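Listed in TrEMBL:
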type: ACT_SITE; residues: GLU316; note: active site, proton donor/acceptor
type: ACT_SITE; residues: GLU721; note: active site, proton donor/acceptor
type: DOMAIN; residues: 50-346; note: domain 'Peptidase M14'
type: DOMAIN; residues: 461-751; note: domain 'Peptidase M14'
type: DOMAIN; residues: 882-1157; note: domain 'Peptidase M14'
type: REGION; residues: 161-197; note: region 'Disordered'
type: SIGNAL; residues: 1-27; note: signal peptide
type: TRANSMEM; residues: 1247-1268; note: transmembrane segment
Amino acid sequence: MVLIWEPLPKTLKQLVLLSALFRLVVSQGEDKKQLRRNTGASETVETYNQYYNYVDLTKRLQALAQSYPHIANLSSIGRSVEGRELWVMRITVEPNKDTPGKPKFKYVGNMHGDETVSRQVLVYLVEHLLAKYGEEDRITQLVNSTDIYIMPSMNPDGFEKSKEGDCEGVNDGRNNARNKDLNRSFPDQFDGTTVSGPDTIPEVMEVIKWIKEKKFVLSGNLHGGSVVASYPFDDSASHQQGGFYSQSADDDLFRYLALEYSRNHPVMKTGHPNCPDSPGETFKDGITNGAKWYDVSGGMQDYNYLYGNCLEITMELSCCKHPPASELHQEWDLNRESLLAYMEKVHMGVRGFVKDAVSGSALSNVSIVVAGIRHNLTTAKFGDYYRLLLPGTYNITAVAPGYLPKTFNNVQVNEGKPTEINFTLQPVVSEASNNSQAHAVPTTPLFVPPVHESVHPKEFRHHNYADMELFLRKYSSEFSSITHLYSIGRSVQDRELYVMIISDNPNVHEHGEPEFKYVGNMHGNEVVGRELLLNLIEYLCRNYGTDPEVTQLVNSTRIHIMPSMNPDGYEVAVEGDVKGYRGRNNSNDYDLNRNFPDQFVTITEPRQPETIAVMSWLKSTPFVLSANLHGGSLVVNYPFDDDKEGLSHYSRSPDDDVFKQVAKAYSQENPLMYKGHPCDDLDPEDYFEDGITNGANWYTVPGGMQDWNYINTNCFEVTIELGCVKYPLAKELPKYWEQNWRALLQFMHQVHTGIKGTVSDDQDKVGVPNATISVGGIDHNVTTGHTGDYWRLLVPGTYAVTASADGYKPLTTYATVSKDRAEVVDFRLTRLNSENTGHASTVPQLTRSPSDRELNSLIKELSLDQGLEQLVKSTATDSSFRYRRPKDLEAVLRGLTLNFPQITSLHRLGQSVEFRNILALEISNNPAEPEPSEPKIRFVAGIHGNAPVGTELLLEFAASLCINYGKNAAISKLINETHIFIVPSINPDGREQAAEKKCSSSRGLTNSNDKDLDKTFFEPETKAMMNFIQSYDFSLSVALDGGALVVTYPYDKPVQTVNNEATLKYLAKVYAKNHPKMHPGDTACSNNGQMGNVPDGVMKAAELQSHMGSMKDFSMDFGHCPEITVYTGCCLFPAANQLGTLWAENKKALLSMLVEVHKGVRGVVRDRSGKPIVGATIFLNTTLKVSTSEGGYFHVLVHPGSYNIDVIAEGYQSHHKQVVVTSHEAAAFVLIEFDVDNSIFGLQREFVVASASMTALVLTACIIWCVCSAKSDHQKDGFHRLRQHRDEYDDEIHLNSMGSKKSLLAHEFQDESESDEETLYANKI
């Protein structure tokens, strides 16, 4: 076939010409458009062969932003140390606003200033995206659907220092201008944080804020030095340098993302970087777990994942950190496809919106929970979320406080386009609607669980005490898996002060779970709170496991509910009382809400049993938030309740904003309260804006419970007035429940706001108890619990948070707090001496035996309250308490030695005036061996015969230790590692004279010579004790006495200053802290006039009763041993039936002393050959002095802190060391090895020593001849002067006790047969 071209018709020709003309015009327009695009950047055409310094980079980025304003926006997130902008190019359609439903992606480069390939590659990526937009479908789609942020240089200061061609980074530039490694400066899950502050690392601080604000979905951090993609986690709890795989909850997803980058990189995917500095290093598939490669704490990728809602990996792009510019084009070619492919992975998994089912408004900060993956993320400000997931089937839940959780089951995730799941959450406060269903785009049928109908109380009535008790017992029995009923004490009329705990593990404090409490009926005639709390118990129990909100609260909170703090007052109150006072006070007619110690006013009324019980309860439980329920108005009242002037005006606490937030959380859920006009009929003038008020601004309340909570514990408490009528009729109770049940729940949710976390030790990762958490700008600190956990309520905002503890370096980080959840801020503290690089650090340490390690672990465990509490419970024995006379006492001690011969030995110290034996029972696994390396502790009682409680407590203590040896591992270990001496009665003669049930009688106080043994040392009993005290190198002594409720520490004599008083006070506080009645500080005794309000239940002995000649002072000055005196109770000789209670009160505290004696500082001094040096002198912080004993051992108890140790010994060079002592660890061990000083005054040691010896012999002979001639009749017996001049000495003591403050101890115990030098002693403590 032959095709012949025919001339076209005229019309068709015209159309062809018109079409050609149109194409020409369009082509010219596009050329002009392209020309306009590049006008701003026309001064440089990308050559890929030069580095851009800061000035060039700035110009380049500004030009690109100007050329592509419709898809590019350049901004700075902050400045570097040296003031350079941290530029970020945002690339997306409409780059100046946020578009709902568009995921945010970021690349960050040049974090290490000398790793420069990333900086240039990201500039090239910006150019590529902008230039190819509208030309390549792939780029156009990516830019249209993604909010892309690119930061070429996070460390512009470091880049300016780096040198081209420096492959190893030897020319500096890695760190910022303050020499901080930016990739070691982020908050870390294992190490707390290394954030130093905005002045030191502004780059990190600005990036943290950026991450928190933007809620990125996916990110890449570009580095240099190898060729590999690294994924979280970057470090581990063990901080093993390498080889330890630290797996995240999204490990499979991270591997997938890292492989996506690697497989598109021609070199990386081989797994063989072939870097010159590590030629044999390989990575399977070109990826690695960060920690498995090497440990990096404080890294940015882990921070993104844990705290930023964002998944990030780290890409190492080149072996050479700062290669020649000629290689940049090649690097761009190698990484271009990987960079694009990785960005596209932001569009995988599940995406959608979360909205309020009633209002339709977007819900931010809603948790998106994927079953089986222990990592949640939250919705952004438009309620949008993006949850990257691998293909598969998932159950996905949206959870938000105040809303019913919504779950989609069997959500199918496919490769490629994400599955869209939209949630509409039903507010708990609104009526449930079956028509409100979450919408899912996929066609796969989804199961939506029905909305749960809560079970509300049906029966409302007033409960008297008996009725309330049965109610509590019923619910405790019926719901035993989530409840625990206990009593914190008794009222004046002996009614139990019941508390119901509701939690998924109610019997113990779970680490990281906050403790919350409600207290009702403090005023006995204000009864609505009492009934509401009983209703609340029923509601929580009956809805647990079916109602999502209740289940979440109970599982995540330990809830304590005390329905009635004043059960006595309730019993006399009258139903129908509107504004009366009958039953308001307790049975002693004291207002319990005016009975607590006050910061401004001295409360003179005696502390009541109910108040004491509550104070002890609050000191022993780490409550975070609380409400005290009252009646008589309708308002939430918050601290402070009074002020210094006692006037009614606003008294602001440091946490005023927090208190207003939690107060409003309650009032907003009670519509009548929120109106602010509570009692129009009764108090028409009252108005409270938003239903809340500052306490003192309403009226002043000195001695109130809410202020005491805030000032003395970690707990924030408000007072809630529930209604205008104090004791309404029973028929009105349903109305009160309806008005308040939502508010009661919402207030409990507030305990999960602010910040929370754990403070732990950097070395052993164990929690640090009693660490201080301080927040910049707020003058109120909280402390960590016994396992190092803490909670700190805060309003939304960004805060500088510091954790500090004795013996550790303080650590500061920045936390951004949101409204509806607690931000996790963990700290890993470094010990003060962990980086010691002085001479002492080179001294070799003794190898710790398994036994030492076991002991250290035990001491740490028992230093935590739970550990000691468990020990008390596990060592319970059947006891029959009675008072024993001296003869029976001896039989008990001998019986212990007969029944437990392998661990006991009985020592006869001497006899009393009437020839009764004074005995000491030694308990140890080797009682006959001295074992100088083991600490020795002394327990003493009965110095006053009319106070025999201590005697009986020590007998029971000895029996408990012996019986549990071999049965209880902790007791066995403590006995094996300690020499325990128990002296039950120093004054058996006085005990024989004393009479039971005589609380104030002095009969039996003295010995048979009518001498107070704690005020004289001339009696046979005291001589026996003096010899005993000086015969053993005791580390600690605990003396038990009676007639008060307090622990005292040296001195009894009226000295002006006490050396190392902090340690002595600390030891006393340890005992008091473990005694339920002492540590609240209320130690008033009506029988002897002892005042209350003793801080922490401890005081200096001289402040209680100043006197000379005490055993405590002798132990300090001549036994070189600290002694505390425990006054076990106000009654000197209580009835025998009270001994069981007294034992229960003191057992934990006595055991705590066995733990405490293993703390402080201990060690060995020896020479290089291993020979122990006896008599070496050790100075701690220059003032505290001890000497080594047999074997070169020393041990001294000191309070937690850092200590400089200087050791001197004759003939040796001095030695220096540093140690840190903590409150929860066994004694810091110090090994001192001396080098011999072979020269003296520049002469050979042998010559000087021989000459000195000869001279000493001659001088000694002369001195002996002179002394014998002058004092041939000189008596050699110790205490000669005191025996010869008894009358003069008594006069001296009398004068001293009447006003002289000068110590007589220089001659009180002086033995004139000794030299002055021998009698001098620098206190050990």
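Glycine residues also receive a Cβ, built from the backbone N, Cα and C atoms like all the rest.
On a predicted model such as this, the values are computed, not experimentally measured, just so you know.
Using a Cβ-Cβ cut-off under 8 Å and counting only residues 6 or more beyond its ends in the same chain, the region 'Disordered' (161-197) has close neighbours at 51, 80-82, 111-116, 154-155, 203-205, 208, 221, 223, 225, 233, 235-237, 239, 276-277, 296-300, 302-303, 306-307, 319-325, 759-760, 762, 765, 800, 803, 811-814, 825-829.
The two recorded residues, GLU316 (active site, proton donor/acceptor) and GLU721 (active site, proton donor/acceptor), have Cα atoms 62 Å apart.
The Cβ of GLU721 (active site, proton donor/acceptor) has 26 other Cβ atoms within 10 Å, all protein chains considered.
Looking only at the domain 'Peptidase M14' (50-346), the predicted model's pLDDT averages out at 92. The number of other Cβ atoms within 10 Å of the Cβ belonging to GLU316 (active site, proton donor/acceptor), over all protein chains shown, comes to 26.
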